[in-house]
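Q: My questions will all concern the structure given below.
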DNA sequence: GACAATGATTGACT
DNA sequence: AGTCAATCATTGTC
């Protein structure tokens, strides 16, 4: 990509032409001084030689002065001066010397050029963007992962697909913005690099610019743009995280169970009123029937037990309804409301936790206590019939 | 908006 | 680990 010599234009090659071999700059400098030495040895004129030497130094001083002041001048003046300097007879020699000095100082810089290890933070950001489906091929793997993570903890609500599409569309927006910006940055980086390289090529005609220096400059530019890209990646990651947390929060919101699900749970509860503690298997079956998770079933039974116990009177009507329903269903050979907890129902006892329910003081007086007893008997009958 | 209903969470207990 | 009890936060109804 970067060529070794042509970048310096006619400088070093011409300079080398003045010397003998090897170190172009020093030989060029020697060649500048040589005439005075040779001539003082009894050439055409010793005085003339000395004058030549002085004249040469004046030339160099003049050139250096012009270079030093070139930035203070207007663009047109500088352009004209640049041209004049390029054509100056001493230019190749001076150019070579500067090249050599630069080469020497460049050695120390070369050593300081470290091999940049890949930034671990950048790696993390890249990995995350890839996992979230923002970077890499468009497939929405991350979205699917987020969706599955969310649904595994909550249970699928009827409008979950709606939220999925909402999440996906938001993620796709982020993805689109990310790629647009990334492309913009890359384009800007390329343009800026080209611009700087052209500038350096141009400058290399009047000052020594080594290919290595250009390489370094390009590397610096790339580093700068890379840090901008890192910022972009960081912002994108933050946006994804916010979106994701919002999505998860939204799913964590309480949703009332469907009427059908509540019906199934209530049927189990009132038909097992003597021992409303479904086994793990029963919970799983109920969860399956209701389209909720096992922990949601546990929550529901926990709440139901406590609320029922707290206010039996309030639940009386409901209890009667379900007791009648299940009893009727069992008599007709209808097995719809029963769950596979036959082991539990078969061994119901009136002691232990069940006593808690039977022994609860009635808020509605004796009538409620009597009804409770009836319900218990109905429930037991129902279970026996099912078995 | 007030209120009841209800699903979820939390800490203590067994 | 499962349950109870209190509580929170949201939803549904009026």
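Even glycines carry a Cβ here, placed using N, Cα and C.
What TrEMBL says about a protein is an automatic prediction, not a curated fact.
Since this is a predicted model, take the numbers as computed values, not measurements.
Positions annotated as compositional bias 'Polar residues' by TrEMBL: A:1-11. Summarising the annotation, TrEMBL assigns region 'Disordered' to A:1-55, A:139-164. The compositional bias 'Gly residues' annotation in TrEMBL covers A:12-22. Summarising the annotation, TrEMBL assigns domain 'PBC' to A:55-249. Summarising the annotation, TrEMBL assigns compositional bias 'Low complexity' to A:144-157. Feature annotation from TrEMBL assigns domain 'Homeobox' to A:248-311. Under the heading DNA-binding region, TrEMBL lists A:250-312.
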Q: Using DSSP, what's the helix, strand and coil tally for the domain 'Homeobox' (A:248-311)?
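A: Grouping H, G, I as helix and E, B as strand yields 46 helix, 0 strand, 18 coil.
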Q: Kindly state the mean pLDDT of the domain 'PBC' (A:55-249) in the predicted structure.
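A: Summing pLDDT over the domain 'PBC' (A:55-249) and dividing by its length gives 72.
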